Amino acid sequence: MVQLNQNFIDTITQELPAHLSMDEFIAACDRPLRRSIRVNTLKISSDDFKTLMQPKGWTFDPIPWCEDGFWISYDEEEQLGNALEHIQGLFYIQEASSMLPPTALFTPSAFTTSTKWQCVLDLASAPGSKTTQMAALMQNQGLLVANEYSASRVKVLHANVLRMGASHCALTHFDGRVFGEYLYESFDAVLIDAPCGGEGTVRKDADALKHWSLDDVLAISETQKALIESAFLALKPGGSLVYSTCTLNRLENQGVCEYLKQVYGDAVQFESLSDLFDGAERATTAEGFLHVWPQIYDSEGFFVAKLTKTASVPRLLPEPKLQKNFPFTPASAKQAQGIKDYFQQDLGISLPDELIMVRDDEFWLFPHEFNAFIGRMRFQRIGIKLADSSKHGFKVRHEAIIALAGKQLSPTAKTVDVSDVEAKEYLMGRDIPLATAGKAQGEVIVCYGGAPLGMAKHLGNKLKNNLPRDLVKDKVLLLPEQTKSL
């Protein structure tokens, strides 16, 4: 039974729209959430994913605000985080409401082929659901800066970015309040899914509101005001900003947006989201924001606001000095050609036309747009590591295969397709015996279902596992095929 603090009920009763009832709200909070996932279109189309999973008993109900999001039905005893297809990065387990902010930011009118955003900021990124959703919407083009304040959550963010094959990300680990100072008016678009009271999450955490207090809400809202101001300062004139929370009270939602409008006046223009998807008007506020109460769409509670920065605004602090000792240098023409030839001739992968950078014996691939950010802030991770070099040649890195061995694979690529059982063995760090012995082929890309799992060394009679030790799984779930379609 859900635990709703009486002080919370008293506050929300005053804020609940007239057409919604408190009884319906409480009943919705007490229902389990529907299971939802988002297909990772960096690796597979939604149609192909449905074709892959329907024989395994999955049914798909489209989420109206996310083209690649679905409520799913399946055997709920299965731990989907251990599923082979999840480990491969074919899908992300993501609550339906949390797919709203990237959708609101990347509306067709704001993101067209002729005016693609080059630099996007996700100010509070971990664990990575919205970051990887935006990476897919950007089709791994441009630069996506993903920031996370918590050190432990940066590791989770990095793991998810790699798993999903998001190659154009640069990760930072800062308090989000510094971005307006360090990267003033640098981004075409900014998403801030702000830390909040989490009132909308009660359907998956029955105790989320047990200790609710107005003092806590007031304290959190002050942090949110500082964050949205920093995000606004980091936004270019003409750019778009989406502010979202998974909470329900006005202080953390409309109140934060109204604060920004009070400070910056006409430079802040609220954009209506009433036409974002069919039925959006049911959650649209007078300002044009989306205030998603859990009973409206049978989802988590959520808030989403979108605004345009109509004019430049003065920066609050002097521009910081450029930082020195950036550890990467551009590859020479000879080095760049060497790594391109290795990927093309040995692996069958055409490297994208991006910056090839070198650090010691490491070769990296950076987005071109990152050039403008060198020295302006310290980055935890940039782009993808391609390979290490030695006197014997190059040694490809796992993350490069995961990010690049998809659409860039040529027909001559050295791949070995494995069964689901063999894929499970591979992900658990074991070598794969080959049914028919043949000539050793050296480095090969191991694939399952057309998507890469990683590298192995073809020794003629077996595939010697080259999966990085830190990615070896203790458990891999093979979802069984059903005897009849559902």
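Any Cβ shown, glycine's included, is placed from N, Cα and C.
Under the heading S-adenosyl-L-methionine binding site, Swiss-Prot lists A124, S125, A126, P127, G128, S129, K130, E148, D175, D193. In the three-state DSSP scheme, A126 (S-adenosyl-L-methionine binding site) is classed as coil.
C246 (active site, nucleophile) falls outside any helix or strand according to DSSP and counts as coil. The Cβ of C246 (active site, nucleophile) lies under 8 Å from the Cβ of S97, S98, D193, C196, G198, E199, G200, T201, E300, G301, F302, F303, each of these being in the same chain and 6 or more residues away along the sequence. Among the features that Swiss-Prot reports, active site, nucleophile is placed at C246, with the record citing sequence analysis.
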Sparsest Cβ surroundings (other CB atoms within 10 Å) among the binding-site residues A126, K130: A126
Intrachain C-beta neighbours of A124 (S-adenosyl-L-methionine binding site), sequence separation six or more, cut-off 8 angstroms: N147, E148, Y149, G176, I192, D193, A194, P195, L227
Other C-beta atoms that fall within 10 angstroms of the C-beta of D175 (S-adenosyl-L-methionine binding site): 12
Neighbourhood of G128 (S-adenosyl-L-methionine binding site), C-beta criterion under 8 angstroms, separation at least six: A146, V156, L157, N160, V161, M164
